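K.L.:
I'd like to ask some things about the structure below.
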Amino acid sequence: MTSATYIMALDLGTTGNRAILFDQDGQIVDQAYKELPQYYPQPGWVEHDALEIWRDTRWAMETVVTQAHIDPAQIAAIGLTVQRETCLLWDKTTGQPLHKAIVWQDRRTAAYCNQLAEQGHTQDIYDRTGLVLDAYFSGSKLAWLLTEVKRQNPNLNLDNVIAGTIDTWALWNLTGGKVHATDHSNASRTLLLNLSQGTWDDHLLDLFGIPKSFMPAIQPSLGIFGKTDTKFLGQEIPIAAIFGDQQAALFAHGCDRPGALKCTYGTGSFLVAHTGSNIARSKNRLLSTVAWTQTDKGQTQTGYAIEGSMFTSGACIQWLRDGLKLIANAAETEGLAQAVEDNGGVYFVPALSGLGAPHWDMSARGAFLGITRGAQREHMVRAVLEAIAFQTKEVVDAVNQDCGSPIQQLKVDGGACQNNFLMQYQADVLGIPVERPAVLDATAQGAAFGAGLAIGVWKDYAGLVAARKIDQVFKPGANAQTAQANFKTWQKAVERAKNWAD
């Protein structure tokens, strides 16, 4: 490695923003994190303040450098990974957002999406984008934002308006407003990217009423996007990789060939399988998406993936803490779940933001079923953890059907993986081993690996991946049969929770 001995990863997630420093061996040196406030202006609506995201990003960058006692000149590159689909509009002359960012979990555009479906657009949108027509993705959110900001400010000069997902917003700010760009992995989550061409789709921009001038330039995921303005850290540091968070985790796990897959347990759970250089079309309502892109001899090389997106997993645990006040912190859920022999007949449907794959039911809502006078707090907590494992099984079953050859092992990452009860239950219900790495921040690790490889700090991707340490492999145990029987009961509960909201 050169005299610059660190790579910084910026991991801008749904619940918080983090800066992590990695050394030349790909190991974490230090990190700084700040939880991000969530705004719920109406039921089913979720917003973030983009200025808070940027302020916390700056704070995390400066704090991690101070904590690690390093000179910013030693940072060779920055890799950026973000929550996907969350988007905003801002004024490029003032740098001010025109509205709070609409978060991926937000359902305010469900009726608008249903309208488009009734007009017969569903199949065409899937054919062009690989995505289902759902309020989850950015297209309908940007359409809503544009209508709303024009309503609030009829004299708005649209020539000054630009749009982006969180990577684009962060990049624009990091470069002092010089670069308005995104990468293919984030662009593929907007409902506006033509998946086979890798460019913005004019027909879909027209359909959603979004001017092309709003949209960022699309660049390969690995490569120099720009340099940080010297007013941050006093250095021009290349921003050398951008990934959506799930694609970054896929990259960290070394899933770069057909059939290699991982599951990340964050705010939601996301199971992603690489499909090589071909777009795989699911028969089970999984998404086709870009894994990542890179340039080889001047040509853009695209890797694709299929994905099962489950909207609510870690968010359920957060809700137990903040909404129901059943727990003081996430860590205690493990002990509570283990304190009872079973779930006491209680089942939870984690449809707090509707249901994602494989149901795609925007009207589903969360539910506890099977409650009797004997149900205790421990049973409720256990039911929530079991539900996280059950929904992953649904998606693994769908991937198995699509791929034709059953998955032999599940690689996992994300904060909820710290929960040993959840990981063991996941192995039991799947009937296959679950491999947990020592570094659970695979999203940040993937962004760091990508940036370091892009600027030549590292040359050997396979070697980097091979050096990752495994913490534990959970194997199916004595409770596997019971867990699999409970899964069938849980599927009945899911049917009861579907088609609930208008």
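Using N, Cα and C of the backbone, Cβ positions are placed for all residues, glycine too.
Bear in mind that the values here come from a model prediction, so they are computed numbers and not experimental data.
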K.L.:
Need a hand: Swiss-Prot gives Arg84, Glu85, Asp245, Gln246 for glycerol, which of Tyr6, Tyr136, Tyr304 is also on that list?
P.N.:
Tyr136
K.L.:
Among Thr66, Thr264, Thr267, which residue shares the ADP site with Thr14, Arg18, Gly314, Gly415, Asn419 according to Swiss-Prot?
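P.N.:
Of Thr66, Thr264, Thr267, Thr267 joins Thr14, Arg18, Gly314, Gly415, Asn419 in the ADP site that Swiss-Prot records.
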K.L.:
Which of the binding-site residues Thr15, Thr267, Gln318, Gly415 has its Cα nearest to the Cα of Tyr136 (sn-glycerol 3-phosphate binding site)?
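P.N.:
Of the binding-site residues Thr15, Thr267, Gln318, Gly415, Thr267 has its Cα closest to that of Tyr136 (sn-glycerol 3-phosphate binding site).
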K.L.:
Given the binding-site residues Thr267, Gly314, Asn419, which lie close to Thr14 (sn-glycerol 3-phosphate binding site), meaning Cα to Cα within 10 A?
P.N.:
Thr267
K.L.:
Please state whether DSSP places Arg18 (ADP binding site) in a helix, a strand or coil.
P.N.:
strand
K.L.:
Counting across all protein chains shown, how many other Cβ atoms sit within 10 Å of the Cβ of Gly314 (ATP binding site)?
P.N.:
22
K.L.:
Which has the fewest other Cβ atoms within 10 Å: Thr14, Gln318, the binding-site residues listed?
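P.N.:
If we count Cβ atoms within 10 Å for the binding-site residues Thr14, Gln318, the smallest count is at Gln318.
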K.L.:
Would you mind ranking the binding-site residues Thr15, Gln246, Thr267, Asn419 by how many other Cβ atoms sit within 10 Å of each Cβ and giving me the lowest?
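P.N.:
With the binding-site residues Thr15, Gln246, Thr267, Asn419, fewest surrounding Cβ atoms within 10 Å: Thr15.
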